[in-house]
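Visitor: Straight out of TrEMBL:
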type	residues	note
BINDING	Gly349, Thr350, Gly351, Lys352, Thr353	ATP binding site
DOMAIN	338-521	domain 'AAA+ ATPase'
Amino acid sequence: MGTVKAIFFENPENLYKIFTIKVKKTNTDWDAGDIVVTGSFGEISEEEEYRFEGKIVDHPKYGKQFQATSYKRSRPNGRKELISFFSSEEFPGIGKKKAEKIVDELGNDAIDKILQDPHALDFLKLGEEKTQNIIEQISSNHQTEQALYQLNNYGFGPTLSARIYQKYGPQTLDKITEDPYQLVLDVKGVGFKRADELAKRLGITGDDLRRIKGALIQMVTLSVNETGDTFVDGQNLVKRVTGVLRASSTPDLTKKLVDGLRGLVKDGVLLVEDGNVYEKDLSDSEWSIAQSLKMIDDTFKGVSWSQHALKKELKQIETDFKVKYDESQEKAIKQSLTHPVFLLTGGPGTGKTTIINAIVAAYAKLNDMPLDPAADDYAIALAAPTGRAAKHMGESTGLPAMTIHRLLGLTGTEDDEFAEPSLDCKLLIIDEMSMVDTKLFKLLISAVQPGTQVVLVGDRDQLPSVGPGQIFADLINSEVFPTMVLKNIHRQDGDSTIIQLAHDINEGLIEDDVFQNKSDRSFINCSSREVPSVLSQIISKSNDRGFDIADVQVLAPMYRGQAGIDNLNFVIQNVVNPMTPKRKEVSMGNTKYRINDKVVYLVNTPEDNVFNGEIGKIVGIILAKENTDHVDQLVIDFDGNEVTLDRKDWTNIALAYCTSIHKSQGSEFEMVILPLVNEESRMLRRNLLYTAVTRAKRLLIMVGDRSAFERSIRDQSSERQTTLKERIFTTFKIKPKQTDDAPEIVEEEQPRDYRLTMDLIMNNSINPMIGMDQITPADFLEKEASK
Ligand SMILES: Nc1ncnc2c1ncn2[C@@H]1O[C@H](COP(=O)(O)OP(=O)(O)OP(=O)(O)O)[C@@H](O)[C@H]1O
């Protein structure tokens, strides 16, 4: 317990503070008077007295400090202190006499009584307003620390506590005790298990409806993020929820599950349609995408120039760029310039970038617009989902290109949910479309203004986005928008065989050729146990041959296992950047970081201009004792952009000698080493192998089980379950195509009712899953209907 003397550091974002206190009383062996206290605190006032719980730690530079896990403002204690508290300036209108009266009437726990009972002060007859002011003053004094203290008691660490308090503010305790499962929905980092532990302490157990709702929300979110589908099949959901609740399948549970679903549908959190359950947000995003595309289609007024002018312009561009477009390329350029929405897909080297260049040049010329970003009437926006892809686009067009997040002014945080961006361009071109997920595309396409032309470019055969959905594939497969599939390979890289290999994989051709050594690729057959040592040898050799490790990328499908990303990072780090006695090294969990280590950034922080997936190099390690912020720091160079990360942000990076194939999308590397083993069979798909192989520019070394490669080429089962296509058909009033004919326009029909169709969930999902002995879903429905 002690009085705060001076606060010398506060971080408003996570409530972290450092200050000194004059120790009044302690049960530690500290006897030196003042001590530095660190931790997460709400309002802390200098000169006030607090009681802290925690431990004394020995800081390498600053010596002993008290690391607080919880704290409480010391209450005025005893009659004398209480009287001077109530008669202080904090409570205008209460003098010494009234203060004495309060303590006489309510005793030494007057403060608690006032906080618990809003009528406790009625006897003073101060009038409603004055009484209310006093209560508010007392409670606001104590709210934050009470909440944080209680959250700590509930087992939440300082970071989560701060996040929860930031979300709910003064209502924190009321909110979480009323329904701890609401945290699953509201606070990032709190999952069902966590909320369930808290609920248990609060006496909420078994098949309490709040518990069932929490499990439903969590399982829908987990499922869509695991599968990439935009909904979860009702039957699977019921199975998973029953499992997580550790409940036995009874008719009573069935009824509660239905009640829980119904409640969440009513609250606008989930949505049920055709026996499938959606996060409402995700379903809304699909509808919103379809509607935005329709708006863009409807408001396009056609072009002001003639076909003749276009033909002439293309001839000129061919001369300027010294290229002769092939038939499909020419068609792609023409269609993109004459339609409101155009889709362009093709494998590596088929000329996507070449076409973007032509579109931009022709658009500017035909619309009499300067191709100068500084000009007032320049109205072209170029963007891609990753920083690397955006950079590539900028370099190849010579025009500004940025990440979609940057273009839309998004932060990459939860705040984006509320963003309503608007784009004032006339031509929007997006590259690497296969990586764009449902929620990002919804924000992007709804920002497009009427009359804008949109060109979406990508490779539909690559892995779909990390987040739910397969936007690009769905748009192409809907056949509602003009699309060009480029097939001719134009890249002439001497005797490069990698591109041909990629195209063969895409065609499903498993030929011996895949495993034969060529000038630019090779295959090394080995078991998963041998992968680490084979890789070490390849990397040492490539080092000797002058390959910069920045240009060598190991790509793997999974984190776990001998041939998994985590182990390979450890192994490669020790080959290329080993520890030596005098080197600096810092640790975070099991990972060690040294200067020159290659790292990948895992989140989006637009304020630092670093985005998820960017690869950088550690160029400095500043220990806490060496800087004024008193925290360990890593300085990382992300392609010329130096960023300093405090220790608490190291969770945002990982070693990047080996990264996941998913993360590598949108990037290319001089040399790719690709270990694939049968232990990863769950992940092995054609689009995974294709994506990995197409990342290699000059050299490709495949390592592992031959059968794992063959299995990948064979397995095409990559379609995600989504309903974007259906939303587009409904919105565009188009009947899905049955034959090869053009999409047919159908009579006006009402949009489908996509609200809760309880009969469908009941019939499709719940009945078969859990043994409802005497009661049938139909019984249920009748009962529900007659309520
Ligand atoms: N019609 C053409 N005639 C001659 N060369 C062409 C033609 N089209 C494209 N190229 C050349 O082929 C190479 C690959 O083209 P481009 O980079 O546009 O393909 P891409 O589809 O964007 O490939 P990636 O996705 O691998 O970047 C480039 O060197 C380009 O100049």
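Even glycines carry a Cβ here, placed using N, Cα and C.
Automated prediction, rather than curation, is the source of TrEMBL annotations.
Given the structure is predicted, the values throughout are model-derived calculations rather than measurements.
Looking at the shown structure, can you explain where the listed features end up?
Guide: In the three-state DSSP reading, Lys352 (ATP binding site) counts as helix.
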Visitor: Take the domain 'AAA+ ATPase' (338-521) and average the pLDDT across it for me.
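Guide: Overall, the domain 'AAA+ ATPase' (338-521) comes to a mean pLDDT of 90.
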Visitor: Compute the mean position of the Cβ atoms of Gly349, Thr350, Gly351, Lys352, Thr353, which form the recorded ATP site, and then list in sequence order the other residues of that chain whose Cβ is within 8 Å of it.
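Guide: What remains near the Cβ centre is Gly346, Pro348, Thr354, Ile355, Leu486, His490, Arg491.
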Visitor: Over all shown protein chains, what is the count of other CB atoms within 10 A of the CB belonging to Gly351 (ATP binding site)?
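Guide: There are 22 such Cβ atoms around Gly351 (ATP binding site).
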